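For reference, Swiss-Prot has these:
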- 10-206: domain 'tr-type G' (DOMAIN)
- 19-26: region 'G1' (REGION)
- 19-26, 81-85, 136-139: GTP binding site (BINDING)
- THR26: Mg(2+) binding site (BINDING)
- 60-64: region 'G2' (REGION)
- 81-84: region 'G3' (REGION)
- 136-139: region 'G4' (REGION)
Amino acid sequence: MAKEKFERTKPHVNIGTIGHVDHGKTTLTAAITTILAKEGKAKAFNYEEIDKAPEEKERGITINTAHVEYETENRHYAHVDCPGHADYVKNMITGAAQMDGAILVVSAADGPMPQTREHILLASRVGVEYIVVFLNKADQVDDPELIDLVEMEVRELLNEYGFPGDDTPIVVGSALKALQNPDDAEAIKPIKDLMAEVDAYIPTPERPTDKAFLMPIEDVFTITGRGTVATGRVETGTLKVGDEVEIVGMKDEITKVVVTGVEMFRKILDSALAGDNIGALLRGVQREDIERGQVLAKPGSITPHNKFVGQVYVLKKEEGGRHTPFFNGYRPQFYFRTTDVTGSIQLPDGVEMVMPGDHIDMTVELITKVAMGDNLRFAIREGGRTVGSGVVTSIIE
């Protein structure tokens, strides 16, 4: 039988369930697929299939993640659900599962718990801008006033971390009831309402091709008589012959150049798109003026920096990380896009040391400038092995 072609007819959005352990994230994920499967818009997954998520390796870090996909009337969704709290921390910091928006699951019976807060904080740090709330286990609460109280608490918590808590959609229901009675219109109504809110509230993300052009440089060589070629994979945007671009990073100054040719697999292109592996011929650039680790970018779109705050997950010994803690002034390599740059770290006040398995905010000062913006991912390496993974949360200078 021929493979089914992926029909890209609906806009695609990446989402995930977040929230405290045992508040019902996985049950809700199963309920969504089961109910949409009735309409032919998903493959139904049961709780066990999602819960036994396979291990994945992302930048050397082991993460358990379940991926399901489904459709609503308007959209195609890829949805991630993680069995363990540590998996969420790793997922969100490494960017293994990029989320355009999240469904925060809170038990109406328990209210917000420590991981509820931690996941909201992580979402705000790593650039997940949109959260829709599902107040689960509502069937276990007899007093409607209690549900109102929990709703108020959740809104306050969202406000505290910079989300618009007062305007955030909150849907009340029971994921288990919906999962057990997929033909009962009343039981499944909260799930349908939730998906309608997700459709309406989480905007369709900007496609990579619509963003400003950026290509991390992987290699540089000279073609006699024609000039210097920089190769790499276009991360975002488009590039046409004749475009002016900037060479950013590894130096204090930014150089402007004109692209006189674009090639892919030795074929000449008029233009390159996000995802293409290309060689860009640059006019008037000497071989020694450009190096791996820099980026080619649309003029004015990105700047070089060497001091920033990052949220970092430190690998455990079992993940191939350090066996011992590190302290203030630790000087590892920070791997951005295509290159390692040495940097020193400053821990937050009152933090003496960082243990393998911790996640923490740290201020980093690099010895050379790197082209960076908020939410840029990096790895921390020692002698070529990854010992941590991080995301830039704010730039200092």
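Cβ from N, Cα, C; glycine included.
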Listed binding-site residues (CYS82, ALA138), ranked by Cβ neighbours within 10 Å, top entry: CYS82
Distance from HIS85 (GTP binding site) back to the residue listed as 'Mg(2+) binding site', taken between C-alpha atoms, in Å: 13
Spatial neighbours, same chain, of ASP22 (GTP binding site) - Cβ under 8 Å, 6+ residues apart: SER107
Entry from the binding-site residues list LYS25, HIS85 having the most other CB atoms no farther than 10 A: LYS25
Across the region 'G4' (136-139), average pLDDT on the 0 to 100 scale: 98
Counts of helix, strand and coil residues, the region 'G1' (19-26), according to DSSP: 2 helix, 0 strand, 6 coil
Under 8 Å by Cβ from GLY19 (GTP binding site), counting only residues of that chain that are 6 or more apart: LYS25, LEU104, VAL105, VAL106, GLN115, THR116, HIS119
Three-state secondary structure, CYS82 (GTP binding site) (per DSSP): coil
